[in-house]
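Annotated features in TrEMBL:
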TRANSMEM  25-44  transmembrane segment
TRANSMEM  51-74  transmembrane segment
TRANSMEM  94-115  transmembrane segment
TRANSMEM  145-164  transmembrane segment
TRANSMEM  170-194  transmembrane segment
TRANSMEM  279-298  transmembrane segment
TRANSMEM  318-339  transmembrane segment
TRANSMEM  360-381  transmembrane segment
TRANSMEM  401-424  transmembrane segment
TRANSMEM  436-457  transmembrane segment
TRANSMEM  477-496  transmembrane segment
Amino acid sequence: MGISMNLVTYLVGDLHLPSSKSANIVTNFMGTLNLLGLLGGFLADAKLGRYLTVAIFASIAAVGVALLTLATSIPSMKPPECNPRKGGHCIEASGQQLALLYTALYILALGGGGIKSNVSGFGSDQFDSSDPKENKSMIYFFNRFYFCISLGSLFAVTVLVYLQDNVGRAWGYGISAGTMVLGVAVLIGGTTLYRFKKPQGSPLTIIWRVLLLAWRKRKLTYPSDPGFLNEYHNAKVPHTHMLRCLDKAAILDDSAAANEDSKSPWIVSTVTEVEEVKMVLKLIPIWSTCILFWTVYSQMNTFTIEQATFMNRKVGNFAVPAGSLSVFLFISILLFTSINERVIVRIARKITHNTQGITSLQRVGIGLLLSIVGMVASALVEKRRREHAIHHKFNISAFWLVPQFFIVGAGEAFAYVGQLEFFIREAPEGMKSMSTGLFLSTLSMGYFVSSLLVSIVQKATKGRWLKSNLNKGKLDLFYWLLAVLGVINFLIFIAFSMKHQYKVQNLSSIDDSAEELGNWKDLTLDNKEKKLEADEKVEA
């Protein structure tokens, strides 16, 4: 966060790149970082395990930040200094000067992707979901996990941003590199305390295989009873009638039955594999509607920071760095994650009688709504800022940006925790890291959509909306566009979430309670009824 939140000011101020190009460099970097979470998730689930993946990719990230420190501290990597606001002609950084910067950013993106897709899943591995007490603690874990991330971000946008702007980028990025090394040391130091889950093979292979077999067997008729499907009675996941076309992958047809390898996974899938693929596909509609939140959020890293450079940032004789205004974003996140855990969840539990209090999709919905309000606030503030700058030759206070930081930060506190919890809890057990990567890809796509929107708006308006000199542009109309898109997206999200059926949790705890009652043949009549009730809950 110490890199992404203030990178745009370096690109515009030191490298003299246009505002729209600088915004796209930041959003493409963040988009790639989160997209590479899918690679990290795949490696963890297929071969390395979450612990080893985090350790390796955190080391790669440290190398990336070290290279970034070099790229921003070597004088020959920057064009001659100038001040475009005083009418000077500024030379943009050349391709050779940008080469080391891009190399550093994308090595960092590779390392960051591997960390982000696995660290939360590795944390959730430390809880036994079959233990009611530990399962309840896991709900708090996601909230506290993000609270700690936000503490680090708060340090980044205050101390690190100040050092970058006033002491030197080398100091700001050098400290980031040092903290990455420290992070790896802390992770390895706790090795003897962790619970480890072995990788269960590539989930992408399973998904591809089930889809391929379902297509090959599309002309076969369904069996009269689902019990005839391959490994139906040994399935670890209850059979469902959703996406019934995929059930054909588990049909053992006559020609395959005559084959010696009739149970080969490339000839017939098991019901467990089919149901796991169904779970993943069931996440896609919700996934698609989460993207726009991060498109909105990306404006806090780019154009909002750029706005601050055109506003009065002085508090007495001290000029607040533009990137440090993001502190209000993270104060809001910290505040609302605390309120969520200590107030909202507890009140909601009493009202809904649900362990979670607020469901993960309800959290996401609140986040989407707040993102719309945040863009409305951004548009109103930008219009006021530009009018004062043009008509009154007066720069309004940068603290007018606080409402949009605060509202979007509150939205993130709901949306991030809700999405993270949704994708991890709703995913099959062996696909948690990949599912976290799927969640991170919503962030990735949000940043890429932002870059795409900026490019489209630039062409459609012939550069009239988004200019390097914001006083000559119409950034407020870009914010209104995002608000309108947010409303449309929210209505689609409501439609999808109303149709979504949550995965049955804690099947193992129900099975364990049945085992405690003893084998079926030894049960009393009363206990047999309890066992039937437990089975009915699983079916429901």
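In case you wondered, yes, glycine gets a Cβ from its N, Cα and C as well.
No curator has checked TrEMBL annotations; they are predicted automatically.
With a cut-off of 8 Å on Cβ pairs spaced 6 or more residues apart, the transmembrane segment (279-298) and the transmembrane segment (94-115) reach fewer than 3 such pairs and are scored as not touching. Among the recorded stretches 94-115, 170-194, 318-339, 360-381, the one sharing the largest number of Cβ pairs closer than 8 Å with the transmembrane segment (145-164) is 318-339.
Segment contact holds for the transmembrane segment (436-457) and the transmembrane segment (25-44), given three or more CB pairs below 8 angstroms at sequence separation of 6 or more. Within the same chain, the transmembrane segment (401-424) packs against the transmembrane segment (318-339): three or more Cβ pairs sit under 8 Å, each pair at least 6 residues apart. When Cβ distances are compared across the two stretches, the transmembrane segment (94-115) makes no contact with the transmembrane segment (318-339), since fewer than 3 pairs at least 6 residues apart fall below 8 angstroms. Here the transmembrane segment (360-381) has long-range neighbours at 286, 289-290, 292-293, 296-297, 299, 304, 307, 340, 400-401, 403-404, 407-408, 410-419, 421-422, 425-426, 476-477, 479-480, 482-483, 486-487, 489-490, 493-494, 497, 500, meaning same-chain residues at least 6 beyond its ends whose C-beta is under 8 angstroms from one of its own. Within the same chain, residues 285-286, 289-290, 292, 295-296, 299, 303, 364-365, 368-369, 371-372, 375-376, 378-379, 382, 453, 457, 465-466 sit at least 6 positions outside the transmembrane segment (477-496) and bring their C-beta atoms closer than 8 Å to a C-beta of that stretch. With a cut-off of 8 Å between Cβ atoms, the residues of this chain six or more beyond the transmembrane segment (318-339) that come close are 5-6, 9, 143-144, 146-147, 150-151, 153-154, 157-158, 161-162, 164-166, 300-301, 304-306, 308-309, 398, 401-402, 405-410, 412-414, 417.
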